[in-house]
Amino acid sequence: MKPNRPLIVILSTVALDAVGIGLIMPVLPGLLRDLVHSNDVTAHYGILLALYALMQFACAPVLGALSDRFGRRPVLLVSLAGAAVDYAIMATAPFLWVLYIGRIVAGITGATGAVAGAYIADITDGDERARHFGFMSACFGFGMVAGPVLGGLMGGFSPHAPFFAAAALNGLNFLTGCFLLPESHKGERRPLRREALNPLASFRWARGMTVVAALMAVFFIMQLVGQVPAALWVIFGE
């Protein structure tokens, strides 16, 4: 296997995962209009977006600890399979509560980015690591630009089409990982520790490190400011 093939596969996985996320953003309100009263679409849209993020916040430390214990590859594959199942569920959801179940499943298994970052850290070092983290961010950004464009075009045919496409993309990611992605974490496997499963533990760890705490605050504000237009534009720009 060529030395750069795992990196190419993991960067492609990040890009396709971001495309899948972006695909559904323009059409989720339209899907909700088939299930709830038009006056309730905005509320449910916001709750569904927040629910995914909340479950990801709560479960990402668990999946990170599992990747330290059992390896990056199996956790990444479970995350991709969970995303594929989620999008397939949402594409065929006959009731509102099914959409909520789908978002919960996606949030619980939504560790693709974190595990991909750990994978890159395993196979790179020094300046090369920083450069490849930049590549990963660029791939995610590309996916988030391309996804909504493609989702809007496909949504013109059916609000369900982008969800099926997102499910197919994550299924493709899963198969690619199964056949082309080797395990990167070949050192000593860490035992599962209770504190590693606590999503608030990192905040306590950063409390005594001013620079890290400041970076976390800046990143939080960036995400907060960036997500507000993304959520509102789809609703009020139709």
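Heads up, the Cβ atoms here are built off N, Cα and C, so glycines get one too.
If you check TrEMBL, you get these features:
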type     : residues : note
DOMAIN   : 6-238    : domain 'Major facilitator superfamily (MFS) profile'
TRANSMEM : 7-31     : transmembrane segment
TRANSMEM : 43-63    : transmembrane segment
TRANSMEM : 75-98    : transmembrane segment
TRANSMEM : 104-121  : transmembrane segment
TRANSMEM : 133-157  : transmembrane segment
TRANSMEM : 163-181  : transmembrane segment
TRANSMEM : 211-236  : transmembrane segment
Short question: which residues 6 or more past the ends of the transmembrane segment (163-181) have a Cβ under 8 Å from it?
5-6, 9-10, 12-13, 16-17, 19-21, 23-24, 27, 31, 73, 76-77, 80-81, 83-88, 90-91, 150-151, 154
Among 7-31, 43-63, 75-98, 104-121, point out the range having the most Cβ pairs under 8 angstroms from the transmembrane segment (133-157).
7-31
